[in-house]
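What TrEMBL annotates here:
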type     : residues                             : note
BINDING  : B:12-19, B:37-41, B:59-62, B:123-126 : GTP binding site
BINDING  : B:Asn23, B:Thr26, B:Gly27            : Mg(2+) binding site
DOMAIN   : B:5-172                              : domain 'FeoB-type G'
TRANSMEM : B:281-299                            : transmembrane segment
TRANSMEM : B:337-361                            : transmembrane segment
TRANSMEM : B:381-403                            : transmembrane segment
TRANSMEM : B:415-442                            : transmembrane segment
TRANSMEM : B:454-475                            : transmembrane segment
TRANSMEM : B:512-532                            : transmembrane segment
TRANSMEM : B:594-616                            : transmembrane segment
TRANSMEM : B:648-669                            : transmembrane segment
TRANSMEM : B:681-701                            : transmembrane segment
Amino acid sequence: MNTIASLHIGEIGYISEESLDFIPLKLLEMGCLPGAEVQLIQIAPLKDPIYICVNGSHLAIRKETALQIKILKANL
Amino acid sequence: MSKNNIKVALIGNPNTGKTSLFNQLTGLNQKVGNYPGVTVDKKQGVSKLSATQNAIITDLPGTYSINPTSVDESIVLKTLLKKDIKESPDVILVVADIENLKRNLLLFSQIKDLEIPTVLAINMVDQMSRKGISIDLSLLKKELNTEVVLISARKNEGINDVKEAIIRCHVAAKASPLCGINHKIDPDYFHKLKEISPNYSLYELWLMVTQNNYPDTITSEEKEKLLAFKQDVSKLKKYQHKETIYRYQEINKILKKTYIVDKSKATDIRSKLDKVFTHKIFGYAIFSFILLVIFQSIFDWASVPMDFIDSTFAQLSDFAKSNLQPGVLTDLLAEGIIPGVGGVIIFIPQIAILFLFIAILEETGYMSRVVFLMDKIMRRFGMNGKSVIPLISGTACAIPAIMATRTISSWKERLITILVTPFTTCSARLPVYAIIIALVIPNKKIFGFLNLQGLVLLSLYALGFATAILAAYILHKTLKIKSKSFFVVEMPNYKLPSIKNVLFDVIEKTKAFVLGAGKIILALSIVLWFLASNGPASFKNSEKNVIENSENQQLSDVVLQQKIASAKLENSYIGIMGKSIEPIIKPLGYDWKIGIALITSFAAREVFVGTLATIYSVEADDENTTTIKQKMASEVNETGGKLFNFPVGMSLLVFYAFAMQCMATLAIVKRETKTWKWPLIQLFGMTGLAYVSSFIIYQILS
């Protein structure tokens, strides 16, 4: 199963419904909702944290959090 | 402030221009206070809404949601839950950013459900066409069932509309929930919750349960019933998740009808700038360059006004002495108060320049990129990317820096940041560094452009940072604190800094510093003057003794007067204190006069310069006006050489780099950590390190 952490720069995915219980409330509140489109924008030079755009919000999150959020990759 | 003023609470996500709006509404009619029990700054200002109506506007800390994850954000919840009836707002003004309207409306929907009259101000509408956004305002008003105003706070557009909306909203005093939380989640559960009390809205009761925060007005019976709801924690968590998703669904429905983004019309420089600023080489290079520019300019730009302030106060003191009636009061003024005030004023240039740079970096959105770049590195040392901001702010003053750690939600990471921040070179160390560097390091250029003195100063900053990082690593490995680390940072859009916001920020922080630390410095200057001009019996006899002893020598009047002054100082209370610690500090290369300055520096470092100013002005003869620097340079040691020679200077620099010598910082650490344990660890750990390091440096160099 893919997670946000497995996206490549520029790639887009959709947060899967089953992730709901693993998304911290704060991230949910910032727009990281099941079904939302998430794009990986940048990875920090030391591979962590990562910079994503989800639901229009530009956020930096740590890899450990990203690994918990499952996604479906968009078919390009 | 009359009773008829409307109390308005200003709330919004970070980076929405909340501060700009606050500044536009209140102008310079602002004051900063404290919330009871916590040290979060409470900014309030008066705004003239109409010819007859004023409002008191409270600027609450920026937050993404009413559910707090940090100390800062908990203030918002406490204010809104009417902890204190006098503080509870009549109208809430929510600021949203046009580009992130969806996310901003989440907070709005929570606030609306509190059933307090609410005005929504959508900011940065001047960016609409550039972002390809269009909005149906009248429909949005209807759907949100509230006053909605489009504004551009930076361009001062729409501010009058906001004022009118506040009045209308206050008069109508109608408030209804937007989403309501009961229907879709668990009607039964929420019905039972609502039955507990008719005095609160359902959402208020829900917040009391989930956030364990109760208004003063709640009865013990009601509280007991609410506590019963807290039993099933996993259910609470699940319902909070569902609530958030439900809110977003409602918001999406509304925005679908009222808010259109045409991405093809959007032009964005964000991605281009991000590629450079977060690049693995350029990113760090730019950050290092910015730090270099900041520190070089502190030394270069600030030296002119500092020298001016230094000499002005020396002249002022001299003027007072020669033009006022001689006596105790004149002495107090000329030797106590004037040098004391001068010792405070002299930092203003450096502090203002530092706060100016920090404010610009934060305003432009660049600081978030630094957090992003630095998180992984900082984590290895038990800190957080967000720790970078306290560590940089610490170069101005540790007090606001320690307060800035409140955004770090992991307790261990926050504690470590608090403990090591005082190692960074604060501006109170700068006058000490500046004067010692000027005395022992030659003023010349190396490689034709680098100022050697500036370079030494830069190395001291590097030493401070390196020690902070090293101390953090040791604490990271030794502190056994379990705390969940969670990290999320918004990467705001880049924007040009608003001059008004930056200036207000600089003025406010400088003022707080001068008034806060300034009081301690001034009070100590006066105490010092007293201790230096009074003493036991030997002090009173010293003048007579000197005259008797030198009867056989042919001394000029000036030399005799100097001898008397010197003997007096030696026998004064402060002289006795300095002498009694001389055996301890001798191995570091210091004499008893430096000892006096060390003693007083334990109250606050900057007092070092003020103390020496007082000591040397007490000692100096009246006819010669010289600056502190000149006085220090002419001091001689036992062997007849310069007292402030290279080994002593280096030893002092290292001592001041490491020692914990700031009462105000210790007090703030106690307040933030709620125990004396951590400030005491700082006091003894840092000062012990300072003593050992200075001992080694002096012994090697001399």
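Keep in mind that glycine also has a Cβ here, set from the backbone N, Cα and C atoms.
Keep in mind it's a predicted model, so treat the numbers as computed, not measured.
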Segment confidence, the domain 'FeoB-type G' (B:5-172), expressed as mean pLDDT:
86
What is the total of other Cβ atoms whose distance to the Cβ of B:Lys18 (GTP binding site) is within 10 Å?
25
In Å, rounded, how far does the Cα of B:Lys18 (GTP binding site) sit from the Cα of B:Thr26 (Mg(2+) binding site)?
12
Set of same-chain residues at least 6 away whose C-beta sits under 8 angstroms from B:Met124 (GTP binding site):
B:Thr16, B:Gly17, B:Asp97, B:Ile98, B:Glu99, B:Ser152, B:Ala153, B:Arg154
Taking only the binding-site residues B:Asn23, B:Thr26, B:Gly27, which one has a CA atom nearest to the CA atom of B:Pro61 (GTP binding site)?
B:Asn23
Say you check the Cα of B:Gly12 (GTP binding site) against those of the binding-site residues B:Asn23, B:Thr26, B:Gly27; which is nearest?
B:Asn23
Taking the Cβ of B:Thr26 (Mg(2+) binding site) as the reference point, list residues of the same chain whose Cβ is under 8 angstroms away and which are at least six residues distant in sequence.
B:Gly45, B:Val46, B:Ser47, B:Ile57
Do any residues at least six apart in sequence from B:Asn15 (GTP binding site), in the same chain, have a Cβ closer than 8 Å to its Cβ, and if so which, in order?
B:Gly62, B:Asp97, B:Gly365, B:Glu490, B:Pro492, B:Asn493
Taking 10 A as the limit, how many CB atoms besides its own sit near the CB of B:Pro61 (GTP binding site)?
24
Within the chain of B:Asn23 (Mg(2+) binding site), which residues six or more apart in sequence place their C-beta under 8 angstroms from its C-beta?
B:Ala153, B:Lys500, B:Asn501, B:Phe504
